[in-house]
Amino acid sequence: MAEGNYSTVTEFVLAGLTEKPELQLPLFLLFLGFYVITVVGNLGMVILIGLSSHLHTPMYYFLASLSFIDLCQSTIITPKMLVNFVTEKNIISYPECIAQFYVFCVFVIAECHMLAAMAYDHYVAICNPLLYKVSMSSQICTWMVLSVYGMGLIGATSHTVCILRLSFCKADVINHYFCDLYPVLGLSCSSIFINEVVGLCFCAFNIVVPSLIIFCSYIFIIASILHIHSTEGRSKAFSTCSSHIAALALFYGSTTFMYLQPPSVRSMDQGKVSSVFYTIIVPMLNPLIYSLRNKDVKFALIKLLVKKSILF
């Protein structure tokens, strides 16, 4: 069959996370709970930051953007995953699969660069506090956020255009719980060499470059913290940094395992487990990690709740 946009496969079947019937209901309840926490946590952060005027600073501007990204990323993946636990066959049409992949790709790439932007913001705030208002002006922050989404759109468009040139002519079962890059490529009856080269280049750029920015930022942040004379101050700063670093390691570690392995050693079953971390676990944990011990967020929440209780 000639290569091109034509595809004899009009729909795919998502294999899901597991085929064991006894695990379907427990996993459905578990991931439903994860999704509810993700929606409440991230949507709550966006609303809280939007309504609280004293949180209208660059740090919380980036945090609201991260929460929006996590909410969208989780929503494009988890509901379809939940369907797989309660139906015999989780069918997704070819256009829906391409659309799911495109939107997911936009937000996962955007998250990579948003985390780097947040790390840079922390670096400027801690290491150059006197220049913070100049270095992180509203105009600069807006351009940074637009650049983050621009990276996501460029990467997603490149991957999707490369997929649309492929033909799918026999196999229709995607060994995954959503339409991810390599599981979809594995079903193609066309040559996927160009797709793998483009995928490797873009994945390397979108993972390695933000990782280097984050690593360098935190090296300077830790060096500044070591100059703090107060033991209590150092302990508090290290505690905050350690939780952020743990979240970053979880996200970048799982994405690296999924996308930067050579094809000869790549395992789809292991990839599914790895994908759970950056598609479900990290979006759920981010609002907790970045705000749970934040006094400003707690104060804003209490103030908002008190204001609402007075109104009612």
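In case you wondered, yes, glycine gets a Cβ from its N, Cα and C as well.
Residues annotated as transmembrane segment in TrEMBL: 27-48, 60-78, 98-120, 140-168, 197-226, 238-261, 273-292. Under the heading domain 'G-protein coupled receptors family 1 profile', TrEMBL lists 41-290.
Only pairs six or more apart in sequence are counted, and the transmembrane segment (238-261) with the transmembrane segment (98-120) gives three or more Cβ pairs under 8 Å, enough to call it a contact.
Long-range contacts of the transmembrane segment (60-78) within the same chain, counting only residues at least 6 positions beyond its ends with a Cβ under 8 Å from a Cβ of the stretch, are 31, 34-35, 38-39, 41-43, 45-46, 49-50, 100, 103-104, 107-108, 110-111, 114-115, 117-118, 121, 141, 144-145, 148, 177-178, 279-280, 282-284, 286-287, 290-291, 296. Sequence-distant neighbours of the transmembrane segment (140-168) (same chain, 6+ residues past either end, Cβ-Cβ under 8 Å): 1-9, 58, 61-62, 65, 94, 98, 101-103, 105-110, 112-114, 117, 181, 184-185, 187-190, 192, 194-195, 198-199, 202, 206.
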